[in-house]
Every structure is written in C-alpha cells, then in structure tokens.
Amino acid sequence: MIGDIRESKECQLKDPMDLFHSGQVVKICAPMVRYSKLAFRTLVRKYSCDLCYTPMIVAADFVRSAKARDSEFTTNKGDHPLIVQFAAKEAQVLCDAARIVCPFADGIDLNCGCPQRWAVSEGYGACLINKPELVKDMVRHVRSQIDNPKFSVSIKIRIHEDLKRTVDLCQKAEAAGVSWITVHGRSIEERHQPVHYDAIKIIKQSMSIPIVANGDIKTLKDAENVHHLTEADGIMVARGLLANPAMFAGYEETPFQCIQDWVDIALEHGTPFTCFHHHLMYMMERITSKQEKKVFNVLSSTSAILDYLNDHYGV
C-alpha cells in the first residue's frame with residue numbers, strides 16, 4: 001500500500017506542531033491534484049519546504065479499496081512531516097482513513113475548501129464550511145480515536161461573504177481540538193478574484209491556534225508580504241511551487257540544479273511520463289522562450305526529454 005513499506009514502520013514520525021512553535025513562518029506545499037505526490041514532495045523538501053500535503057484523497061474510497069490505497073498514497077522514510085488530506089463527510093469514515101495512515105504520516109487534513117462542482121455535489125470540500133457542527137464532530141471523532149497525541153488534525157477552508165460565519169466555524173473547530181486551520185482567502189464562488197488577506201488577518205486575530213494563509217502566493221516576496229498582511233503562522237503555496245520548486249530557498253526562478261534534481265528524483269521514483277513532463281513544463285515556463293516551449297511541450301517520451309535537456313541546458 002505505502003511505498004517502501006519495509007521502511008515505513010521505521011518512518012521518523014514528527015510532530016508538525018513543533019514547526020509552528022519554532023518562531024519561524026512555516027513554509028508549506030499545498031495539496032495539489034496529481035502534483036503533490038511523493039516525488040515532488042521529495043524535491044521541494046530539498047529546497048526549504050517545511051511541511052508537505054498529499055493530494056486530496058476521497059476517504060470513503062480509501063477505506064473501502066486496497067487499490068485506491070495503493071494508487072493514492074505513497075510515502076517513504078524521508079517524507080516527513082507529512083499531512084494526508086482527505087475529502088470526507090462522515091466522521092467515522094474520516095476516522096477509519098486516519099487510522100490507516102496514522103503509522104505512516106504525521107497528521108490528516110479535512111478538505112473544507114475544494115470548490116469543484118463534483119466535490120460540492122457529493123457533500124465534500126467547500127460545502128462543509130456551511131456545516132460547522134459536522135466539521136466539529138469530524139475533528140472531535142478523529143481526536144478521540146487516534147491514540148497518538150502528536151498526530152495533527154487540521155482543516156483547510158474557504159471564507160464566507162459574512163466573515164462572522166467563518167470565525168464561528170473556526171472557533172467551533174478549535175473547541176473540538178483542531179491543530180491548525182489553513183484559510184484560502186476566497187469564497188466558494190470566487191476563482192481568480194483578489195484574495196482577501198484582510199479576512200485571514202481577522203481570523204488569525206480571533207483564534208489562539210496557528211493559522212496558515214493560502215491563495216495567490218507565487219514568489220518568496222509574495223510569501224513575505226502575505227505574512228506581513230495576515231500575521232499568519234504559516235504560508236501554503238500551490239502553483240508558485242509548481243513553477244519554482246526552489247521558491248522557499250530564495251530562488252526567483254527555477255535553478256538548473258533543481259531541474260536536474262527533479263529528473264533524478266522522478267526517474268528514481270518511476271514517475272509516470274505525463275506527470276514528469278508536466279512538472280518540467282511548469283518549472284521551465286519562466287526560463288524558456290516561446291519557440292523553445294513549442295518544441296519542449298510536444299515531446300512524447302522520457303528519452304526525448306532527457307536528450308532535449310542535455311542538448312539545451314547540459315542537464
């Protein structure tokens with residue numbers, strides 16, 4: 001089920017809360033469908049990323065199907081601290097999923113922010129921000145059924161237009177024992193509108209647990225600005241890290257060494273070709289010309305990509 005299962009029992013599990021108590025802003029790789037898998041997490045950890053999330057996993061499928069567990073969740077000894085993000089709408093199903101990953105991960109996160117139509121229509125994701133009692137119940141259940149006190153239980157949310165409702169949701173989750181809350185500063189309806197960093201700050205000021213800011217953070221400078229605007233304890237980045245996995249280490253664009261590292265890690269992990277190629281397309285977006293992109297983006301085999309990188313960049 002879990003990559004390198006021989007190693008897994010020796011996983012050096014960590015307490016993610018130690019990061020939030022370190023006095024430093026916690027640098028976090030977001031849960032990204034298809035992208036924040038083991039190979040990519042391995043890459044960003046080399047470049048100063050403190051905490052990584054898996055892509056969102058539907059808890060009911062994960063609990064029911066060994067095949068889903070094999071394909072959705074892979075980890076190894078170096079992949080820590082690690083948070084497994086689940087989509088769930090029933091407390092016991094979330095508990096069962098948490099129990100399965102508990103020996104191999106450092107915490108779980110309940111997705112209360114995904115705005116995609118399929119998720120919301122199934123009762124997952126962002127619709128949960130309108131069900132604070134259910135969220136509270138799910139957090140409390142996991143807290144009471146997982147014996148390890150260091151195992152974190154967090155939630156990732158979007159905001160309501162009436163921010164009082166969001167603060168109420170967060171306070172209910174805090175009372176149930178949530179470890180921290182990640183706030184994507186947009187409502188369910190908002191997609192590309194500006195992020196409401198002021199709302200994240202109000203939530204932060206209303207809580208005594210750590211708050212993580214998320215939304216439109218593309219560079220380290222953006223991360224610093226958002227920290228300044230929100231006073232958040234952590235910064236979670238999605239597309240900014242896809243475009244530049246070395247962002248948290250202070251690089252303004254993807255260094256060639258990082259591309260080389262990705263090639264080595266991806267080949268070692270047996271990363272599927274499409275995923276391998278897409279990551280490189282993101283990483284090279286800012287450092288290649290239009291003409292180069294035209295050629296690179298249609299390459300159709302790993303060997304063609306390796307030849308191209310060697311010929312053009314000495315990678």
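Cβ atoms here come from the backbone N, Cα and C positions, even for glycine.
Unlike curated records, TrEMBL annotations are generated automatically.
Among the features that TrEMBL reports, domain 'DUS-like FMN-binding' is placed at 29-291. The FMN binding site feature in TrEMBL is assigned to Pro31, Met32, Val33, Gln85, His184, Ala238, Arg239. According to TrEMBL, the active site, proton donor annotation covers Cys114.
Structure coloured by features recorded in TrEMBL.
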residue	record	contacts (Cβ under 8 Å, 6+ apart)
Pro31	FMN binding site	Tyr53, Thr54, Pro55, Met56, Gln85, Asp109, Asn111, Lys156
Met32	FMN binding site	Pro55, Ala238, Leu242
Val33	FMN binding site	Pro55, Met56
Cys114	active site, proton donor	Met56, Ala87, Val120, Tyr124, Gly125, Ala126
His184	FMN binding site	Gly113, Lys156, Ile157, Arg158, Ile159, Val195, Asn214, Gly215
Arg239	FMN binding site	Lys218, Tyr282
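Spanning the residues Pro31, Met32, Val33, Gln85, His184, Ala238, Arg239 that the record associates with binding FMN, the maximal Cα-Cα distance equals 17 Å. Within 10 Å of the C-beta atom of Ala238 (FMN binding site) sit 21 other C-beta atoms, taking all shown protein chains into account.
Cβ neighbour count for Gln85 (FMN binding site): 25 (other Cβ atoms within 10 Å of its Cβ, all protein chains included).
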